[in-house]
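Scroll down for the structure; my scribbles are underneath it.
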Amino acid sequence: MGAPTRARYLRRKNAATTVGMAVLIGVLLSVMGGLSVGGFYATGTWANPPVIIQELVKGPREFSGLYVAGIVTVAVALAALIVGGWLLLRKLAPRSSWVDAAARHMATAKEVKSLSAKSALADNRKMKCQAEGWPGFELGKIIPTSQPLYANAELVGLIFAGPRAGKSASYAVPFILESPGAVIVTENKRFLTDATRDVRAKNGGNIWVFDPQRIVGEKPTWWWNPLSMVHDAASAWTLADTFAKAEMESVGEKGFQFFELRATQLLRGFFLAAAVKGLPLSTVQAWISDRDVREPEAIAILNETRHVEVLNQLASIFSPDSLPERSGVFSTAQIMTECLTNQEISRWVNPAEGDVVASPEVQGSVYGGRPHFNPAEFVRGKDTLYSLSKDSAGGGRALVTAMAVAVLEAAVEYATECPGGRLPVPLAAILDEAANVCRWSKLPKEYSHFGSRGILVATILQSYSQGESVWGEKGMEALYQAANWILYLGGNKPGPFLSKTSEAVGDYYYTTPGSPGSKNSPRGPEQEHRDRIFDVAELAALPKGRGILITGQNRAALVKSTPWMWTKHEEAVKASLHAHDPQAERTISDAEAEADAVRRNPDMTPVAAA
């Protein structure tokens, strides 16, 4: 039996005894006090209850209705006092959840002092972080002292939260608003964009909303050329692999199937050739649509470069010996790049009339026309990028992933130029719904490296198994182990992940009375027991507003979260929602209703110690 369940069991077990004792004491006080009041009603003078009882029994007093009235008066007054005091106590006492009983067996504020604001600020100063006074992301307030815990400027993390578990309101929004530098956000809905864009704009920097599937209805007043991230064979492979994996069920290391591998090689050759020549992505799409061309333009372009390996791979696809397989290779490549056939999506990644594409072959050439998103400039400032896509094949998730990769790689490149090899002001990457819209195969490998560069990545998943479906079993385990902090906010059903979390939280010990003994045998000694602090069922039922925080070299902590409605940003977020969300009133009222439900949760009553 887990600690929270045992505490609730003991509380309920002792409730009958407590109520019985309270009733007995109340009756005694009512009778004794009522006799004094009744005596005053009868004689006009006060007397002690024992004296009144003696005089009623032996005389000269006679029992009358006045004594009954006195008892009733005291009983009513006593009941009113008890009920009023109980209501006042409920209102003034700190609210606690039924799971808070577990906190006495978990990490204390002293044990996780490395996560305190003081320690986080000291760590940031040692790292030469230029975000003055910023301790890092708040991970929650530890139970029961409510001391906030922070992830400093080199810690990356994972959040596991089921639907409506509070991940956006209590973590994604505050992370975005409190970040001191550039921020990239991925999502498949509109809430984070609507809620934070105006607040971020007031703090300086430009707002970039990449909305190829019209989730928020943003118009393509700017554009981004994915080929701008291609500089050599390796970066061309990164972009090709991104398109390939976006349409695959898993991006884990299972290895490519034949046609997937050859299609990815085809895309790499086309991407590299177009980038070298300064051609737009629409040209690549035209090449992919023409499988029967005898003299591909891409081969002619690469033939004039030093990229021999890529040239040879591309040429082999077009060789006569490869004719039987070419149809399958091109069909696979067309599936991988299906999003580029969508005209709405295409407008965001291809030049419009008046736009100019920079060409590496022309010295000093620059982009012209609509503003062009430049990741290298983005990571040096305080801009905010919202990258939105629906979680469906053929949608914009390949481009959302590619854009995130471009930003993160630009941040790493910039960090290598900075003192200490880290960004002077951390960049935040809030990858909400990462398994659906940011399916980067290298994320598990790069995760811990980002923290050392001052790139603070928070990957938000609905469940551990969702991550496994994308990165595979080994990839998800690598991501889990690379994270410096892990938050579980509830909303998951029993399974291996909750068993893993239960094990990470650890065990607690408690004693129960021994055998009562008898006339011929002594009372038995107390029995010591060992159980999980949180069992799987309790973790599955974790209430909103509570989280399990697991960090390196610390015991697990029980924390409470703070939604944006309870922060200094409340009014600014509401204003941003009113400006951009067509259903702002409903969004705000739903958020406030959820917060109030947490406050008024009938299970959130003071918990007796186990």
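Cβ coordinates are placed from backbone N, Cα and C, and glycine is handled just like the others.
Predicted automatically and left uncurated, TrEMBL annotations should be read as such.
According to TrEMBL, the feature region 'Disordered' maps to residues 577-610, out of the candidate ranges 305-338, 543-576, 577-610. Long-range contacts of the transmembrane segment (21-44) within its own chain (CB-CB distance under 8 A, at least 6 residues past either end) are made by residues 52-53, 56, 61, 64, 66-75, 78-79, 82. Across the compositional bias 'Basic and acidic residues' (577-589), the DSSP tally of helix, strand and coil residues reads 10 helix, 0 strand, 3 coil. Residues 190-191, 193-195, 197-198, 216 of the same chain sit 6 or more residues outside the compositional bias 'Basic and acidic residues' (577-589) yet have a Cβ under 8 Å from a Cβ within it.
Under 8 Å from some Cβ of the transmembrane segment (64-89) lie the Cβ atoms of residues 22, 26, 29-31, 33-42, all in the same chain and six or more residues away from its ends.
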